[in-house]
Structure formats: C-alpha cells, structure tokens
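Visitor: What follows is a structure written as structure tokens; I'll ask about it next.
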Amino acid sequence: MLPFIALSILVAANSVFGVLPYSEGVSIQLHRRGLGLTKDGMVVPEALARETYRGAKRYSGINTAGQLKSSNSLFKRQNMRLKNVGSEANSALWAGAIEIGEPPQRFQVEFDTGSSDLWVFSSTCVAQGCSSDNKYDASQSSSGKRRGRTFSTQYAHYAGISGPVYADTVTVAGLSAEGQLFSSINRIRGTDEYYDTDGLMGLAFRPISQLEAPTFIDTLLSQGKISKPIFSMRLASDAGSEIYIGGSNPSKYTGEITYVPVESQSYWAVNGSASANGQEGYKGKMTIDSGSQIIFGPLDSVKDWWSKGPGYFTFPCNNAPSVSLKFNGREFPIPADRMNLGFLPNNYSACVGAIAAARTPENAWLVGSSFLSTVYTVFDASESRVGFATPA
C-alpha cells in the first residue's frame with residue numbers, strides 16, 4: 001500500500017489522466033473510438049471486409065492475397081449494406097492517454113493486446129493518414145534519442161507504416177518507462193480515413209515485437225515500477241472503460257476470476273469453445289485481441305458454428321442465437337446486442353452476426369471486443385494466463 005502522502009502526490013500528478021490508484025497498480029480511463037465501419041449511419045461492407053482482412057494478416061506472414069476480394073464478394077452476395085441500429089457490436093476500439101518525452105507530449109493511443117510494439121505519428125509525417133491532432137516532435141524532447149534503425153509493419157487500418165526508432169521516457173498514469181523504444185511513424189501506405197487515435201501501444205509478448213524491444217509492461221517491471229507484469233481491461237458499453245496496470249481492479253468485477261493458460265509467449269492465445277443455442281460449434285485455440293472488433297476464424301469452423309443456430313452469418317432479428325464462449329469449464333454468455341452488427345436495408349428482419357470468417361494462423365479464432373466488452377479480462381504474464389470474470 002502506498003503511503004498516504006505518496007498516494008496523494010500520485011493522484012494529483014495524474015488527475016489529467018483520470019487515474020484511479022489502487023494498492024496493486026493504477027487505472028487509466030479508456031475512451032471508445034470509431035473504426036469507420038459506418039458512414040451516414042450505415043455500416044460499410046468494404047470496411048468490414050478490410051477489418052477482417054487486415055486483422056488476420058497482422059498475425060502472421062501467411063499469404064492472404066485474395067481474402068479481401070472474397071470477403072467483399074460474400075458481403076455483396078448477401079447485400080450487406082447495413083444500417084446502424086445502435087448495436088453494441090459496432091463499438092470499435094478503446095484509447096487512453098500516454099505521454100512521451102521531456103517535457104511530456106500527450107497522445108491518445110489504442111491499447112492493443114494483439115501486438116507488441118509502441119508507435120505514434122511523427123510531426124514530420126504529411127501523409128493523409130497522419131491527420132491526428134498529436135504528433136511526436138523529437139526535437140522538442142530533451143530525453144529522446146534516435147536509434148539507428150527503422151520500424152516497419154502492417155497494422156489493421158494501414159497497408160504499411162514505417163518510421164525511425166527512438167528511445168524516450170513513456171508515461172502512463174504516472175508510471176514512467178525510461179528509455180522505452182518506440183517508433184515515430186513518418187510514412188504510411190494505404191489508409192482508412194477514419195482512424196481516430198494518435199498511435200498504438202502493443203501489449204502482447206516481446207517475442208513478436210517487430211521493434212525487437214521490451215514492451216511497456218516489460219520495461220516497467222525491469223525498472224521496478226510495477227511488482228508483477230499484469231494488466232487488466234474493462235471495455236464497457238458505457239462510461240467506465242479502463243486498463244489497469246499492475247494487477248486487477250476489484251471494483252470492476254464480481255465473483256471469482258477464471259484463469260486459462262496461455263499457449264505460448266507470443267499472443268494471448270488460450271483454449272476455449274464457442275456455442276450457439278447450447279450446442280458447441282467450435283473448440284480450440286482463441287487469441288484474445290482488444291484491437292479487433294468482431295470475432296472471426298477460419299471459414300470451415302465458422303460455418304460449423306453457424307450451423308448450430310438460425311442462419312448463416314445472418315440471423316432473424318427476432319430470433320437471435322444464444323451465444324456463449326467457454327473457458328476452463330465456465331460459460332460466458334454474449335448478449336444479443338453485442339452479436340448484432342446491424343440489419344439489412346432491404347430486409348429489416350435479418351441481422352448480421354459479429355462472428356465472421358477469415359484466414360487465421362494456426363486455425364485459431366480471434367476474439368475481439370464483441371466478447372471482451374461483456375467480461376472483465378486479466379492478462380497475467382507472470383503466470384502465463386488470461387483470466388475472465390463477470391464485470392461489476
């Protein structure tokens with residue numbers, strides 16, 4: 001427990017972040033940001049196809065050529081130009097405040113459990129996709145040092161991003177990682193116009209870091225800023241979303257936390273199963289990814305899952321399937337509003353589900369915020385496990 005004086009200082013220093021300190025760590029408020037899947041109140045099928053394509057492609061070097069084309073064809077065959085009916089499944093990503101440098105430069109970044117690198121846009125980037133309000137200016141940071149290499153990757157809303165690598169002080173809710181490696185992105189190839197954050201903080205494991213660098217959590221641990229490499233997420237449908245660094249926040253969940261072992265030190269991949277109307281439709285590896293909106297997996301396994309309910313990628317709006325995921329013997333239901341992406345404009349009685357098909361590495365399902373917004377999730381690298389609990 002922090003002494004009262006130290007705790008008071010921490011609260012004062014971090015009030016700008018909306019920080020709520022607890023004995024094990026600190027809480028950072030997250031804000032829901034749009035992914036641009038809707039336009040004028042309608043879901044854009046091409047955007048949904050790109051989200052599936054790019055979300056899957058960033059997980060491995062597998063050849064996904066043609067996937068975007070086939071995904072678009074599927075949407076077109078089903079005339080999936082959807083209207084947004086306020087469904088929770090159309091919620092996108094969650095972003096929070098960080099600071100980089102001395103004096104601190106502020107950014108709103110996505111906290112992503114499906115990648116391991118930190119990047120923000122550079123003040124030298126003039127591409128259309130670099131339209132964020134906050135950009136890193138290395139010349140204005142006395143603590144920043146450029147490293148002699150370049151970072152390059154693909155991520156979700158970009159065909160390619162790249163930029164120089166820097167080491168600088170990165171602060172989240174008063175927790176400062178000194179000499180943290182990150183990239184200041186100055187080049188973008190292929191972008192969606194709606195990406196609404198200043199960058200991204202990856203929270204998966206170090207072995208998949210394309211920076212070949214410790215993650216922010218790793219650096220905090222090595223510098224003694226946190227006692228355990230644990231963070232937790234509550235992705236709420238309303239106010240109250242947060243990421244909690246250093247442990248779990250007991251005010252955000254009720255009952256016991258059910259833990260599942262992580263399969264490898266790469267992604268947060270665990271074993272689980274998915275059921276529709278009480279019938280198991282999939283059992284196997286599931287990668288827990290806060291950077292994905294929907295749940296998707298290989299076509300054959302997704303078709304098997306949909307065969308247990310009414311419809312195929314769509315369902316009657318008045319007869320939504322009863323959906324649940326099971327981990328370590330415990331079932332977690334997904335409410336109908338989280339499964340509903342919207343209804344077809346030419347058939348208001350047909351709704352589109354948030355479980356879709358895509359090529360994925362190792363035939364795993366990728367579990368995004370359609371599920372994560374219904375649970376409290378603990379990511380525990382110290383014990384190589386993921387925990388799920390009922391949100392408070």
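Every residue gets a Cβ built from N, Cα and C, even glycine.
Those TrEMBL annotations? Automatic predictions, nothing curated.
From TrEMBL, here are the annotated features:
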type: ACT_SITE; residues: Asp112; note: active site
type: ACT_SITE; residues: Asp289; note: active site
type: DISULFID; residues: Cys125-Cys130; note: disulfide bond
type: DISULFID; residues: Cys317-Cys351; note: disulfide bond
type: DOMAIN; residues: 94-389; note: domain 'Peptidase A1'
type: SIGNAL; residues: 1-18; note: signal peptide
Visitor: What is the separation, in Å, between the Cα atoms of Asp112 (active site) and Asp289 (active site)?
Guide: 7
Visitor: Determine the minimum-neighbour residue: among Asp112, Asp289, listed as active-site residues, which Cβ has the fewest other Cβ atoms within 10 angstroms?
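Guide: If we count Cβ atoms within 10 Å for the active-site residues Asp112, Asp289, the smallest count is at Asp112.
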Visitor: Going by Cα-Cα distance, which of the recorded positions (Cys125, Cys130, Asp289) sits nearest to Cys317 (disulfide bond)?
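Guide: For Cys317 (disulfide bond), the closest Cα among Cys125, Cys130, Asp289 is found at Asp289.
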Visitor: Take the C-alpha atoms of Cys125 (disulfide bond) and Cys351 (disulfide bond) and report the distance between them in angstrom, rounded.
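Guide: Rounded to the nearest whole number, the Cα-Cα distance is 41 Å.
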Visitor: Using a Cβ-Cβ cut-off under 8 angstroms and a sequence gap of six or more, which residues of the chain neighbour Cys130 (disulfide bond)?
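Guide: Sequence-distant Cβ neighbours: Phe121, Ser122, Ile185, Asn186, Ile188.
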Visitor: To the nearest whole angstrom, state the Cα distance for the pair Asp289 (active site) and Cys351 (disulfide bond).
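Guide: Between the alpha carbons of Asp289 (active site) and Cys351 (disulfide bond) there are 24 Å.
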Visitor: Could you check what DSSP calls Cys317 (disulfide bond) once collapsed to helix, strand or coil?
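Guide: The residue in question, Cys317 (disulfide bond), is coil (DSSP, three-state).
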